[in-house]
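Swiss-Prot annotations:
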{"type": "BINDING", "residues": "E33, G34, R35, G36, A37, L38, G39, G40, T41, C42, K51, G107, D301, A309", "note": "FAD binding site"}
{"type": "DISULFID", "residues": "C42-C47", "note": "disulfide bond"}
{"type": "BINDING", "residues": "G168, A169, G170, V171, I172, E191, V225, A258, T259, G260, R261", "note": "NAD(+) binding site"}
{"type": "ACT_SITE", "residues": "H433", "note": "active site, proton acceptor"}
Amino acid sequence: MAEFDVIIIGGGPGGYVCAIRCAQLGLKTACVEGRGALGGTCLNVGCIPSKALLHATHELHEVHENFEKMGLMGAKVKVDWAKIDGNTKGIEFLFKKNKVTYLRGWGSIPAPGQVKVGDEVHTAKNIVIATGSESSGLPGIEIDEQTVVTSTGALSLAKVPKSMVVIGAGVIGLELGSVYARLGAEVTVVEYLDAITPGMDAEVAKGLQRILTRQGLKFVLGAAVQGVDKAKGKNTVRYTLRKDESAHAIEAEVVLVATGRKPFTKGLGLEALGVEMLPRGQVKADSHWATNVPGLYAIGDAIVGPMLAHKAEDEGMAVAEVIAGKHGHVNYDVIPGVIYTTPEVAAVGKTEDALKQEGRAYKVGKFSFMGNGRAKAVFQAEGFVKILADAATDRILGAHIIGPSAGDMIHEICVAMEFGASAQDLALTCHAHPTYSEAVREAALACGDGAIHA
């Protein structure tokens with residue numbers, strides 16, 4: 001048995017960041033992880049491995065689509081799937097550097113202030129639940145992670161399948177679907193709703209679907225999946241179209257079930273502790289991430305909010321500061337979201353639909369990458385930047401980007417929103433030329449007297 005100021009259960013982005021910050025603030029800290037490796041889903045079977053695949057296949061796309069346009073001629077590129085798949089222990093070093101105790105094994109909470117790992121029970125003044133999430137799946141579909149897979153299985157396929165059906169047109173489905181489409185698979189995306197990327201700006205969603213269709217992905221929207229049948233090395237996905245209840249089926253070598261994720265809290269003993277839970281399985285936490293059990297906190301995918309690694313990291317740092325007697329800060333209005341397709345999509349703040357529902361008067365500044373010299377020079381001029389600002393005050397309320405390096409460009413607008421900046425503030429800021437980021441300034445100018453290169 002050991003005594004700690006804080007024990008964090010879960011070593012993913014929220015948990016390990018929380019542990020490091022707690023230690024930096026002078027708290028004796030331990031972090032429990034049972035998966036055998038720190039970093040959680042993001043580092044091991046999620047964000048980082050998928051971005052390695054997305055980058056590799058983006059480069060392949062550039063070779064096939066744009067090299068000849070640039071005057072680069074030569075032998076055709078061949079795909080070595082095994083080498084691509086293998087390019088995927090820095091956190092343990094950070095733990096040692098910051099004097100965080102790493103407890104290997106699955107953790108549970110037998111009583112307030114106690115964490116059991118294996119046969120040992122440790123005590124802590126504060127416990128943080130940072131156990132993340134798992135794929136939610138669909139009723140009636142058996143996941144084997146071989147031919148019917150979640151994102152975990154999709155990142156470790158032995159070979160590129162000839163055909164793939166992706167169930168779900170959210171971030172995970174579109175990213176991995178586009179990877180395999182660029183590698184030569186015939187990819188069909190089946191989505192229950194009538195549009196892809198639920199919750200995203202409608203104009204961006206339509207533009208992304210149009211571009212991905214040109215890249216070879218097929219879309220079946222408004223389709224309710226009924227089940228997956230396995231026979232003779234093939235999977236048959238059965239679905240009905242919601243508009244007329246007609247029945248249909250698609251065969252595929254691999255089926256990727258990308259219908260979302262759910263909090264992973266089983267085995268913690270929360271029910272016996274009397275921890276309040278929400279109807280969808282999240283731990284109920286207040287504005288300081290505290291549960292109804294004294295000394296017990298929860299962050300990341302275990303609580304409400306977008307299931308994003310960077311949201312969990314922010315909460316991890318913030319709750320560490322709360323425990324240390326400081327003020328933890330997370331601005332939930334300024335949490336960006338990114339889809340790492342080609343082109344990338346990024347968003348922060350309000351959408352037009354949300355502002356209309358609120359009845360808030362707003363103005364739109366939009367600029368196409370067709371007017372951006374850098375984007376035109378490298379044949380990546382598809383897409384646009386859209387900035388939404390308050391009609392009266394000009395304060396930036398949201399932004400939506402589809403185009404090259406959108407996931408990096410969005411942060412300029414995040415910083416502006418964090419400081420309560422206006423669109424004019426961005427418009428008055430000199431941007432280096434030629435850069436993609438000039439499109440942000442042009443969109444800000446479009447909120448006022450007009451963009452220059454439109």
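Quick reminder: no glycine exception, Cβ is built from N, Cα and C everywhere.
When the recorded positions R35, R261, H433 are scored by other C-beta atoms within 10 Å, R261 scores highest. Comparing CA positions across the binding-site residues E33, A37, D301, the one lying closest to G168 (NAD(+) binding site) turns out to be D301.
Here the C-alpha separation of G170 (NAD(+) binding site) and D301 (FAD binding site) works out to 17 Å.
D301 (FAD binding site) falls within a helical segment according to DSSP. The record assigns G168, A169, G170, V171, I172, E191, V225, A258, T259, G260, R261 to the NAD(+) site; their largest pairwise CA distance measures 18 Å. Note: the Cα of H433 (active site, proton acceptor) and the Cα of E33 (FAD binding site) are spaced 47 Å from each other. Under the DSSP three-state reduction, I172 (NAD(+) binding site) is assigned to helix. Cβ-based neighbour count (10 Å, all protein chains) for A37 (FAD binding site) stands at 14. Put simply, R261 is the one of the binding-site residues I172, V225, R261 whose Cα lies nearest to the Cα of E33 (FAD binding site). Among the listed binding-site residues, namely G168, G170, the Cβ with the most fellow Cβ atoms inside 10 Å is that of G168.
In terms of C-alpha distance, the listed binding-site residues V225, T259, R261 place R261 closest to A37 (FAD binding site). Applying an 8 A CB threshold to same-chain residues 6+ apart, the list for T259 (NAD(+) binding site) reads S135, S136, G137, L138, I167, G168, G170. Sequence-distant contacts (6 or more apart, same chain, Cβ under 8 Å) of V225 (NAD(+) binding site) comprise L138, I141, I167, V190, Y192, V237, R238, Y239.
R35 (FAD binding site) sits 21 Å from I172 (NAD(+) binding site), taking the Cα positions as reference. Neighbour counts of Cβ atoms within 10 Å were compared for the binding-site residues E33, D301, and the top value is held by D301. Using a 10 Å Cβ-Cβ cutoff, I172 (NAD(+) binding site) registers 23 neighbours.
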